[in-house]
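Peer 1: Here Swiss-Prot flags 166-173, 191-195, 213-216, 284-287, 329-331 as GTP binding site. Look at Swiss-Prot and you will find Ser173, Thr193 tagged as Mg(2+) binding site, backed by sequence analysis. Taken from Swiss-Prot, the feature compositional bias 'Gly residues' applies to 33-43. Summarising the annotation, Swiss-Prot assigns domain 'Obg' to 1-159. Under the heading domain 'OBG-type G', Swiss-Prot lists 160-348, citing sequence analysis as support. Taken from Swiss-Prot, the feature region 'Disordered' covers 20-46.
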Amino acid sequence: MKFIDEAKIEVAAGKGGNGATSFRREKFVPRGGPDGGDGGKGGSVWAEADENTNTLVEYRFVKRYQAKNGEKGHGSDRYGAGADDIVLKMPVGTLIRDLDTDEIVADLTYHGQRVCLAKGGKGGLGNIHFKSSVNRAPKQSTPGEEGEARSLQLELKVLADVGLLGMPNAGKSTLITAVSAARPKIANYPFTTLHPNLGVVRIDENHSFVMADIPGLIEGAAEGAGLGHRFLKHLSRTGLLLHVVDLAPFDETVNPAEEALAIINELRKYDEELYGKPRWLVLNKLDMLDEEEAQTRTAAFLEAVGWDYPKPDDRFQFDMETPRLFQISALTHQGTQELVHQINQYLTEKKRIEAEKAEAEKAAANVEIIEQQPKTDTGVFKPE
């Protein structure tokens, strides 16, 4: 299936059915009172996050979704039937934006999440509601309300804990294959990866994280060159970026340090927030070099990019803020286990810190509410 991560659609809810104007007409009841029923509600349009849906491709072909109108009311106090709702299944990670107001309508972040995109109109009132002591035979009823209508932009941003960043052919797809069950296409030419791939990295029965591989970036990506710029947005939800560098390119004219600096520059031009995310350096394809050559190239690379952070062999207790460096071979799995274990430790600690921060903010908010309560001179709360 073709991967589509953007689409524009129109949704329109159904109109409510009109209320009925009707009177009882039975034998021996010549002047029966009003018995017009209400109209049925119009159908609404909903979006539902579905973990089994991976792309927005169907919304490229069908662009308008119209719910049915409610039925009109009937005599004998019979209400019109309400119209069925329409439920649009969308991938988890879909951001829905109103094209007219630029308002974010919904951000579908978990399976089963359901959001109303267009609410169906209420049914009109039948004349039975307008009977009074001064008007025993009202002919008044109300029409059903119009349903809501919207033009929407759908944008899929994959949900992953870790994102892989790098030039085409840096070995990102090989890495995600080495550490997860994902099986992206791998070949010895640039732009083998044409759309994002997700892989679940399982540490043990209780710990795992999701890794995302996007098409490689090239210089000028922020201005639209290559494929990667279209998919950089998929890294915006990640908590950690891995910058994968090919330390042993087949083309001897390629300078890994210059390519790495170009990637960082493109990232900064594209989005300062994305540039500011925690980013670790992963030097790949060490299996192509002997140990001495690997160390020589690593030292030259680190000097060229101005790396002044700890190196893998340094005795250093990493903290949450310090970028980390790894030397691996994704093909032979050399160094990959240490990499995934450090990622897992980092993500676990990150979640713990975020949970503590949320609890502290909640406690502070509760204290503020209590302090704002009116008190008596003795400090006891006044009853409302």
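Including glycine, each Cβ sits where the backbone N, Cα and C put it.
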Peer 1: By a Cβ-Cβ criterion of under 8 Å, what residues six or more beyond either terminus of the compositional bias 'Gly residues' (33-43) are in contact with it?
Peer 2: 13-24, 67-86, 120-131, 136-138, 141, 143-145, 147
Peer 1: Are there any residues at least 6 positions away along the chain from Lys285 (GTP binding site) with a Cβ closer than 8 Å to its Cβ? List them or say none.
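Peer 2: Long-range Cβ contacts: Gly171, Asp246, Leu247, Ala248, Ser329, Ala330, Leu331.
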Peer 1: Can you give me the Cα-Cα distance between Pro215 (GTP binding site) and Ser173 (Mg(2+) binding site) in Å, rounded to a whole number?
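Peer 2: For Pro215 (GTP binding site) versus Ser173 (Mg(2+) binding site), the Cα atoms are 9 Å apart.
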Peer 1: How many whole Å apart are the CA atoms of Gly166 (GTP binding site) and Ser173 (Mg(2+) binding site)?
Peer 2: 11
Peer 1: If you average per-residue pLDDT over the domain 'Obg' (1-159), what number do you get?
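Peer 2: In the predicted model, the domain 'Obg' (1-159) has a mean pLDDT of 88.
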Peer 1: Which of the three DSSP states, helix, strand or coil, fits Asn169 (GTP binding site)?
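Peer 2: Looking at the DSSP assignment, Asn169 (GTP binding site) belongs to neither helix nor strand, so coil.
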